[in-house]
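Annotated in Swiss-Prot:
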REPEAT    11-111  repeat 'Solcar 1'
REPEAT    124-210  repeat 'Solcar 2'
REPEAT    231-328  repeat 'Solcar 3'
TRANSMEM  11-27  transmembrane segment
TRANSMEM  88-105  transmembrane segment
TRANSMEM  127-150  transmembrane segment
TRANSMEM  182-199  transmembrane segment
TRANSMEM  230-246  transmembrane segment
TRANSMEM  303-322  transmembrane segment
């Protein structure tokens, strides 16, 4: 590698990191209310639908029984700040997560394509896009995981709070689980993130290529003027929206298992239902079997609706913001 290429690659990595961090922060803050509701559903052992009210003799009373009911309950009991509970560790997690993810992704695509230009990366095979996305997701997860754990713990509690702030949750985890407790649930998280990140980035590239093909066809066959395959902001939004929906729907059961491992054995106010005791789940496969046995197959899809309502726009906002911020910073820094 020539010495002239190194500063350029360093600038490119800085652009990717900064654009990824900013886009991740915007996306996470905008969609935090839906993320809080999703997490409350995922860690609730009792049914999360109105059907649970009719079967409370079997399962016990359910705290949350639907998206609208949960929204009203959180607003009444915790006020508007309740919808941003855990947002500080979420930002501390998601900003470095997206920074690492987009930086590693660009590096992998540059290596695979032999070019650092983004437009050349679209010519990679779908298989390489999926693999690059999965590897980038793994690197980002390992680098930011303790904040993901703290986000889940703070977002899952309501009022009265068990942990008043991030520091108290951190201290209690160290005290009860040791330093390794900060990585509780990392294995199922990696099992989840490999297909999730692979599908998210792979499908985004696939949708974007399809959109460019449609644009070329539209301009050449439908008399729209000169040929142009550039993708508009709205089309980028649609690609991100579709990628977010597809990847989240496919991997949601693994996300439920991950959340259960993260709060296993931690304190929980009785108002929010049964506590998940330590060593309830002996492994990922055992957790899947236990959830199905005790909660039915629907237990694996708790929080799916708020998750999809959140993930689709979150994916769209992240990708669109990244594309534009990356282009803007790159133009200022003289990076292609």
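Yeah, the Cβs are placed from backbone N, Cα and C, and that goes for glycine too.
The average per-residue pLDDT of the prediction over the repeat 'Solcar 3' (231-328) is 84, rounded to a whole number. Counting only same-chain residues 6+ beyond the ends of the transmembrane segment (230-246), those with a CB under 8 A from a CB of the stretch are 199-201, 203-204, 207-208, 211-212, 215, 308, 311-320, 323-324. Per-stretch counts of Cβ pairs under 8 Å to the transmembrane segment (11-27) identify 88-105 as the leading one among 88-105, 127-150, 182-199, 303-322. Here the repeat 'Solcar 2' (124-210) is broken down by DSSP into helix, strand and coil counts: 73 helix, 0 strand, 14 coil. Beyond its flanks by at least six residues, the transmembrane segment (303-322) meets 19-20, 22-24, 26-28, 30-31, 34-35, 37-42, 48, 67, 70, 98, 102, 200, 204, 233, 236-245, 247-249, 252, 255-256 of its own chain at Cβ-Cβ distances under 8 Å. Across the repeat 'Solcar 3' (231-328), the DSSP tally of helix, strand and coil residues reads 76 helix, 0 strand, 22 coil.
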